[in-house]
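Have a look at the structure below before the remarks.
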Amino acid sequence: MKKSFLFTFTVLTIFTILVIGVAPEKLTTCSRFLSQKSGKCVKEDCDRMCKQKWPGKYTVGHCYGQFKDAKRCLCSVCGPDRQPP
């Protein structure tokens with residue numbers, strides 16, 4: 001009886017540890033407008049400024065607005081439970 005309880009407890013413990021370790025990371029998406037001087041948004045500059053303000057491999061900058069008249073820089077940060085400050 002004691003051995004079967006110990007065996008069951010060990011199997012359940014190992015199973016629980018494996019399930020917790022394999023659980024996928026929760027992803028969140030955060031987008032913030034970056035204050036920018038007046039003028040046209042340039043994608044390369046927008047991307048660079050976003051990565052300076054919110055460093056990380058998930059940070060991307062996009063120009064937001066009418067196609068060629070985009071005037072705002074939108075920073076998107078997508079990562080495991082990460083929010084821009």
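If you go along the chain as it appears here, the first residue is 1 and each next one adds 1.
Yeah, the Cβs are placed from backbone N, Cα and C, and that goes for glycine too.
Between Cys46 and the candidates Cys73, Cys75, Swiss-Prot records the disulphide bond with Cys73. All protein chains shown were included, and the count of other CB atoms within 10 Å of the CB of Cys30 (disulfide bond) stands at 15. Cys41 (disulfide bond) has Cys73 nearby among the disulfide-bonded residues Cys30, Cys50, Cys73, Cys75, Cys78, counting only those with a Cα within 10 angstroms of its own Cα.
Closest to Cys73 (disulfide bond) in space, going by CA atoms and restricting to the disulfide-bonded residues Cys30, Cys50, Cys63, is Cys63. Counting Cβ atoms from all protein chains shown, Cys63 (disulfide bond) has 21 others lying within 10 Å of its own Cβ.
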